[in-house]
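Visitor: Just lifted these from TrEMBL, have a look:
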type     : residues       : note
ACT_SITE : Lys40          : active site, proton acceptor
MOD_RES  : Lys40          : N6-(pyridoxal phosphate)lysine
BINDING  : Arg141, Met316 : substrate binding site
DOMAIN   : 248-373        : domain 'Alanine racemase C-terminal'
ACT_SITE : Tyr269         : active site, proton acceptor
Amino acid sequence: MVRGVHRPTVATIDLGAIKSNIKTIRSNIKEHKKLLAVVKADGYGHGAIPIANAAKEAGVDGFCVAILDEAIELRDSGFTEDFLLVMGVTELRDVALMADLNISATAASTEWLKDALPLLKLRKTTNPLRIHLAVDTGMGRIGLRTNEEILAFEEFCNEHEELHLEGIFTHFATADGEDDRQVERQYATFKEQVASLKQRPEIVHLANSAMTLWHEDFETDAVRVGIAMYGYNPSDKTIQLPYPLKPALTLETELSYVKQMHKGDTISYGARYRAYEGEWLATLPIGYADGWRRDLGGQTLLVEGHRCPVRGVICMDQCMISLPKEFPIGTKVTLLGENNGEINNPSDMAVEIGTIGYEILCGISGRVPRNYVDNE
Ligand SMILES: Cc1ncc(COP(=O)(O)O)c(C=O)c1O
């Protein structure tokens, strides 16, 4: 993907905000708990490596990613010793590579372990594959469910020196909601599952951001924090944050074309918007190929503190907004972040279009350059 460095559309990421959020979260969790930074999906669109560097500076205890390639990117970028967990199920053919790179693997069935074993036996080095057993307590995604299965899994690990059961974890389905009943049920199941093991693994973990923010009292050894580290509320607007976090990302562009319209002039594909007489209209060099989805067309963009509505449908590379008056070409436009006291927050927009803040952040495409500042 080509990065558009010759146009003014840029995402600016404040690494100071990331570090500040980590310190805030750290001071609100129990001292013995490891804080694992979730940097999957290119750090939720913020850039995995700069975020991981900032997170390390702020003292996190390791990283979680979704797929092996993301873990390899970290190892290749100098995170050679850090704790690193791939939270998705890895292809069997890659288990030896994971062990070689000292990456912790998620395993969700004893069959997977059995199939991985011969591949691990072929390795020349002797360090075992570090394994985190995923248990399903109600998310219905991956993981063992019965105590018998869990015990058999543990026994199989114990019988083979190529395998080291380092952790057990689960994932919660409703931690960002107001109703705690499912959370309580999942926690009770998890506790029972952990208790069914002959030996408690070193790292028992269950908490994403929502669990870390709103259910920190649950007994575990680590939290896996993603969205909160980036400064956003995992529930968007459903539940208030228990403490303030700083949004790290600003998405900005500039007016690239400005003109005054006549009554009835049409705008964009479908010619569905018709201007009013004298309306000032600006074109912006950002569109849905940059992640500014067509369904964000109802959201206002910020120009010198004015909320400017989008006119007509968002195109692939450009979109049009209505200005309250003439502004010069090159005037800054804020799509996400603060502009003269007005704030566009991805959570607010997500609620408006029936999605979640995560999707808006992850959706900012690779064509948009990421610039880094540190306003700590
Ligand atoms: C298993 C697991 N743990 C932790 C996280 C981090 O979630 P959050 O960004 O809500 O903190 C995710 C993200 O989806 C996940 O899949």
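Glycine is no exception: its Cβ is also placed from the backbone N, Cα and C atoms.
Automated prediction, rather than curation, is the source of TrEMBL annotations.
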Visitor: For Arg141 (substrate binding site) and Lys40 (active site, proton acceptor), what Cα-Cα distance in Å is obtained after rounding to a whole number?
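Guide: Cα-Cα distance, Arg141 (substrate binding site) to Lys40 (active site, proton acceptor): 17 Å.
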Visitor: Using a 10 Å radius around each Cβ and counting other Cβ atoms from all shown chains, which of the recorded positions Lys40, Arg141 yields the largest count?
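Guide: Ranked by Cβ atoms within 10 Å, first place goes to Lys40.
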Visitor: Hey, does DSSP put Met316 (substrate binding site) in a helix, a strand, or just coil?
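Guide: Once the DSSP labels are grouped into three classes, Met316 (substrate binding site) ends up as coil.
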Visitor: Residue counts in helix (H, G, I), strand (E, B) and coil for the domain 'Alanine racemase C-terminal' (248-373), per DSSP?
Guide: 24 helix, 47 strand, 55 coil
Visitor: To the nearest whole angstrom, what is the C-alpha distance linking Tyr269 (active site, proton acceptor) and Lys40 (active site, proton acceptor)?
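Guide: Counting only the Cα atoms, the answer is 35 Å.
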Visitor: Enumerate same-chain residues with a sequence separation of six or more from Met316 (substrate binding site) and a Cβ-Cβ distance below 8 A; give 'none' if the list is empty.
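Guide: Residues satisfying the criterion: Gly287, Tyr288, Ala289.
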Visitor: Just how many other Cβ atoms lie inside 10 Å of the Cβ on Tyr269 (active site, proton acceptor)?
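Guide: Tyr269 (active site, proton acceptor) is surrounded by 12 other Cβ atoms within 10 Å.
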